[in-house]
Amino acid sequence: MGIKQLFSVIKDEAPDAIKEGEIKNQFGRKVAIDASMSIYSFLIAVRSDGQQLMNEAGETTSHLMGMFYRTLRMVDNGIKPLYVFDGAPPKLKSGELAKRFQRKQEATEGLEEAKETGTAEDVEKFSRRTVRVTREHNAECQKLLKLMGIPYIVAPTEAEAQCAVLARAGKVYAAASEDMDTLCFNAPILLRHLTFSEQRKEPIQEIHLEKVLEGLGMERKQFIDLCILLGCDYLDPIPKVGPSTALKLIREHGTLEKVVEWMKADPKGRYQIPEDWPFEDARTLFFEPDVRPADDPLCDFKWDKPDIEGLIQFLVHEKGFSEDRVRSAGTKLEKNMKTSQQARIEGFFKILPKTEEEKKAHKRKLEEQAEQKRKKVKEEKKEKAKLKAKPRGA
């Protein structure tokens, strides 16, 4: 899921784009969260016996437990979360979804075998692979959020794309997801690990798109071409193309069209492009995703007072949660929702958009950086050729 190896490319090429910090550093900020990705992470947090959390009736409750307590943790730290759920997947994603379904079926068979003959590690590994987020999981989490007074929206298609729209329009500070393709949808800031448990002690990663592009010396179109070449959810990857090769090819040839042209003409035949590889369609999905505009009435979000008695009815009487814990958490949520109304200092200052002259200057800077990197690649190639041509022992 997402873009293969993109984080390691950014870490190597644009380290200044990544900031790490504690959850409390996000105090006073509104954040749009990829709900489906979060629910999936709650569901794969299986116990050592390979089972998900269940109530006495045998119903899975991992998703509700995760959504309830992780959301409480965010609000405790002064964050105002809003969740974005996936709608229907784009047609181009159907191939990837079919593959995931096949992998899950194979994992289910592997899980049964591991339960009979394998170790605890095998059971846990296969349990994770069988997990999928269902409509029921989504519906129950939406019901829970409504009772908590936390807003949510269902995206027309990809949740990450909708999160990016809201962040770009300034409705939220950032988009939060583990999927790196959120950056391809033009999210100015991506937060990762925001919904992780406190026990994992993972710092919150804050990735700034503008600094990513600057570090790579690329404009957005080139960046998306790089991401498609690295491997995205919409297309099969090209065999033998890893992160360093993908980066080198985009820097040398400039566009995916020219990379494909070069691959097809390569006399050594090193790369086999999959037969059905509509990269132009994938690029269009990143540039023109099906999303609700930020000024859509459904994007007018409101954080409400939690319905504590409703939470008791749903979580305690229907799902078997502890009444004392839910009541205590509900009271704390109500109190923290009031304090999270406090704004950060930067919220009082309006960020002025760049002038046309500033945009042109920024574009020139990126082009110069790209040219320098292309020259460097050419020089490295020449050096390698010289070394190869040198007689041994010379």
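Cβ coordinates are placed from backbone N, Cα and C, and glycine is handled just like the others.
On a predicted model such as this, the values are computed, not experimentally measured, just so you know.
Among the candidates ASP225, ASP233, the one that Swiss-Prot lists alongside ASP179, ASP181 as binding Mg(2+) 2 is ASP233. When ASP76, ASP86, ASP236 are compared with the Mg(2+) 1 site residues ASP34, GLU158, GLU160 in Swiss-Prot, the one appearing in that site is ASP86. Cross-referencing 296-304, 314-322, 341-349 with Swiss-Prot places the feature region 'Interaction with PCNA' at 341-349.
In the structure as shown, the Cβ atom of GLU160 (Mg(2+) 1 binding site) sits within 10 Å of 29 other Cβ atoms.
In this structure, the binding-site residues ASP34, ASP86, GLU158 were compared by how many other Cβ atoms lie within 10 Å of their Cβ, and the smallest count belongs to ASP86.
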